[in-house]
Amino acid sequence: MPLNKDIKKVLVIGSGPIIIGQAAEFDYSGTQACQALKEEGIEVVLVNSNPATIMTDKEIADKVYLEPLTVEFVEKVIEKERPDSLLAGMGGQTGLNLAVELYEKGILDKYNVKVIGTSIESIKEGEDRELFRDMMNRINQPVIQSEIITDLDAGIAFARKIGYPVIVRPAYTLGGTGGGIANNEEELIETLTSGLQLSTIGQVLLEKSVKGWKEIEYEVMRDSFGNCITVCNMENIDPVGIHTGDSIVVAPSQTLSDKEYQMLRSASIDIINAVGIEGGCNVQFALNPHSFEYAVIEINPRVSRSSALASKATGYPIAKVAAKIALGYGLDEIKNAVTGMTYACFEPSLDYVVVKIPKWPFDKFQGADRVLGTKMMATGEIMAIGSNFEAAFLKGIRSLEIGKYSLEHKKFKDLSMYELRERVVSPDDERIFALAEMLRRGYRIDMVSKITGIDIFFLEKFRWLVEEEQKLKQSTIDDLNREWLLKLKRRGFSDKAIADMLKVSPDEIYRLRDIWHIKPSYKMVDTCGGEFEALSPYYYSTYEQYDEVVVSDNKKVVVIGSGPIRIGQGIEFDYASVHCVMALRKQGIETIVINNNPETVSTDFSISDKLYFEPLTEEDVLNIIDKEKPDGVILQFGGQTAIKLAKFLKEKNIPTLGTTSDQIDLAEDREQFDDLLERLNIARPKGKGVWSLEEGLEEARRLGFPILVRPSFVLGGQGMEITHDEEELTYYLTNAFEKDSKNPILIDKYLMGREIEVDAISDGEDVLVPGIMEHLERAGVHSGDSITMYPAQNISDKIKEDVLDYTKKLALSIGIKGMINIQFIEFEGKLYVIEVNPRASRTVPYISKVSGVPIVDIATRIMLGEKLKDLGYGTGVYKEPELVSVKVPVFSTQKLPNVEVSLGPEMRSTGEVLGVGRNVFEALYKGFVGASMYTGDKGKTILATIKKHDKKEFMELAKDLDKLGYNFIATTGTAKELREAGIDAKEVRRIGEESPNIMDLIKNKEIDLVVNTPTKANDSKRDGFHIRRAAIERNIGVMTSLDTLKALVELQKEGAHNRELEVFNLI
């Protein structure tokens, strides 16, 4: 039992939906913490709104509440469950803010709930900018000259006093939200206004900019006895001025002298002791590169993105140790699971280099401002491990899945030196490639360091890589000898990079490696630099001599993970991968995971029998398969990243379990799939693949507008658009064929019907459909961005029968063994198939949780040869539950400057929440609250700007809203039509007209909800785009689909928002 015998039932607060700044790392830390508590025999009650997480599984906690993370709903859970303790530091900023609010409102006192781990007072000292600054002054730790600001005038006065540039840092926000660097008064007014609005306590720290200093982080652990260690120190390659979540980070630090390292280590320990942290804490410093001057930037008094990275970089389980400390254990009492003999008080030592590179979503947002600053924009990250910096860095580049295997990028070749300089002075996500091009052209390293703030140490490494690339380009395959090839492999060059530069195929390099016996060896991540024997089966590749992998003769299966979190391929695929691993291990099969995402549960070495932290490229995967010789490889759960390897593995005669490469092609190749549908007599929207602009226009004339256009072989609707006329189609096709002329563009007649979705399991003979899901928004909104209801609410029995019939026919005809995801449209009483994915989809965690069917477990067992009829869940459509569950998407567009907000066929959401109720209205209300959507609870003024062919439908909704007490503001045309319909509407001037116009009303927050149906999506020159952006940046609700507005109307008419709602334990 824990040292504190009073702790028997602990409430753990999760972090909610995946958003920029708060991603899968909190599923990893939350899962680890829950397991650590259960190990001690403590009952765990978990509240989290995100259904796509492992931590919300019944195996992880004793009670699981998928409820909105608000004081109101968490109080209901506390009232029902009566926990004696609350663990606050595992749910990111969301969990921390919620714990503070519960404490301040007296709810924790009311129910006698004690906060364990870091106290609320310590959390406040770490989070409140003023308290933290005062504390630093008391313990003589230097902070940057700054002032706490709560109004605009005081901010302007302070900036004038200290001079520009200044940094704006709002209190209690996430990922630098609302902050930024202001170079002049105009920029300050804009950033400060936003920061004060977005801070939960209306407080901002305004500080003198030390942009260009080094940014160094220490991950520190402290127990309640005052024992303290540094787990890991990390160096941002990018200087202060770029958010650490958007920086390339290396561990351990590479450029600090011993004196600097010890100075900052001592400072971090002094800080964590002064604040009184009990558990994990991240301390960030700015270090002057030309002296020993430093300043404390901030601390995170909780587990964080950096602590997930530090855990994976060192093998030290920070969240688990923090949870044990919260129970009263000392660091010297907690065993290190990696060695099995040392304790958590041993500081890890690393004999390798770790590099983290962020993954940005700009492929989804063509018009986005890509310049990096103090506001985080990355959706995810990769981590790479190497025996030297260059090897880890190049592994990192190829892990990003951006089609790059070296530091060469074609788009920078034609830029002038002036243009390249601009790209690194205002750094963006591609700055490394611009910088490499400058070095390639002989730009002086000291000058590059001066303008970028990047240390000369790293620039010299980049220059060496660039020089080797140039040598290769000037050589032929005959010039390559064993010594040179081994040197390149040791420095991280992939076969593909070497082959591209020598203009041969990667197979040719692989053949030479085979002849010359140049094979990777695998080293263990052991936390102790090889000082003690390690038990952790956690490996990275190197081309050094000694290999630490012991290959067994057991039956074994490799599971390919899904790589970094990105829009369209999120945490749902990690959920599926982890469940696949669990199912295999239950069957006694040795399970090997290959993945490169430091945030996820799948890369926790305790999950699988072996973990290879490697890029998911053909070469890196093949090297491991060559080594392990598994009985099979599973690709179905790793999203498109894994599926893309199917053809390659087939060519190499490597067995894949479940659906084969040919079957995947049958589902994804347009012509083959159309032939199959014709044979099965299943309808699909009319259309075809076209290879040229002329052919596309001809097909569009035949089908009639509107037309849905998209590239083949994509994920998350990437590049998909609805075009309404020939001008729009010409613009789209011209751009699409410029990007990719080797594949056709798919053109479909756009049907505006109801969208229906199923995830099904097939064993080749029978099919099980765990549930039929209905999308609230009509077709044309990407399925990942639609509100999804289960059980389906508006589908006739006849259509349900057709859904099952079509699903069976498709699964059996394709030959699916395992999972299949199918999307349908019901249009004018007829069912059409619009998409088939022969793999796990992003709805798998949702439908698994709400139907009670362990989908991944069943699918995995089928891949191993079992039959559906023997697994206890039957066949056909599974019985529907009594409760209604609604999945609501969550967007991070507020954090990305100048990107589109409206819903459309390209996916834009980063996460999701669940709403569970006795009926669909209760579920929707909870979903809206959990997703921080507009619910009408706080204000009832609507700005309506509606396109012509939506006006009739809008008027019907406006009548209902009028009866519900809403006020309308509209531009001349819409206002006139509202008045003609008997609805009072205030007229407002358009953008660009004299004040007060639409923008003034939005800026002054005189509007509570913007209803705007876009005329031309993705056109940032139009007024609608500016209205949507201005609203979202000021936390004003925006709805761009009338279906979403209709849902709001219905739940208000039903009174779901005024009812006393229950909370439900889903176990």
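Glycine is no exception: its Cβ is also placed from the backbone N, Cα and C atoms.
Annotation source Swiss-Prot lists Mg(2+) 1 binding site at Gln284, Glu298. Under the DSSP three-state reduction, Glu298 (Mg(2+) 1 binding site) is assigned to strand. The number of other Cβ atoms within 10 Å of the Cβ belonging to Glu298 (Mg(2+) 1 binding site), over all protein chains shown, comes to 16.
According to Swiss-Prot, the Mn(2+) 1 binding site annotation covers Gln284, Glu298, on the basis of sequence analysis.
Look at Swiss-Prot and you will find Glu298, Asn300 tagged as Mn(2+) 2 binding site. Less than 8 angstroms from the CB of Asn300 (Mn(2+) 2 binding site) sit Gly126, Cys281, Asn282, Ser306, each of them six or more residues away in the same chain.
Per Swiss-Prot, the feature Mg(2+) 2 binding site maps to Glu298, Asn300.
Feature annotation from Swiss-Prot assigns Mn(2+) 3 binding site to Gln823, Glu835; the stated evidence is sequence analysis. In the three-state DSSP classification, Gln823 (Mn(2+) 3 binding site) falls within a strand. When Cβ atoms from all protein chains are considered, those within 10 Å of Gln823 (Mn(2+) 3 binding site) total 20, not counting its own.
Close to Glu835 (Mn(2+) 3 binding site) in the fold, though at least 6 residues off in sequence, lie Ile822, Gln823, each with a CB less than 8 Å from its CB. According to DSSP, Glu835 (Mn(2+) 3 binding site) is assigned to a strand segment. The feature Mg(2+) 4 binding site is assigned by Swiss-Prot to Glu835, Asn837, with sequence analysis given as support.
Per Swiss-Prot, domain 'ATP-grasp 1' is recorded for 133-327, and the stated evidence type is sequence analysis.
As annotated by Swiss-Prot, domain 'ATP-grasp 2' applies to 674-864. Model confidence over the domain 'ATP-grasp 2' (674-864) is summarised by a mean pLDDT of 92.
For 933-1067, the entry in Swiss-Prot reads domain 'MGS-like', with the evidence type sequence analysis.
Swiss-Prot lists 402-549 with the feature region 'Oligomerization domain', giving sequence analysis as the kind of evidence. Secondary structure of the region 'Oligomerization domain' (402-549) per DSSP (helix as H, G, I; strand as E, B; remaining residues coil): 79 helix, 11 strand, 58 coil.
What Swiss-Prot lists as region 'Carbamoyl phosphate synthetic domain' is 550-932.
Note: the CA-CA distance between Gln284 (Mg(2+) 1 binding site) and Asn837 (Mg(2+) 4 binding site) rounds to 44 Å. Asn837 (Mg(2+) 4 binding site): 21 other CB atoms within 10 A of its CB, across all protein chains.
If you measure from the Cα atom of Asn837 (Mg(2+) 4 binding site) to that of Glu298 (Mg(2+) 1 binding site), you get 45 Å. Mapped onto three states, the DSSP output places Gln284 (Mg(2+) 1 binding site) in strand. Per DSSP, the secondary structure of the domain 'MGS-like' (933-1067) breaks down as 57 helix, 22 strand, 56 coil.
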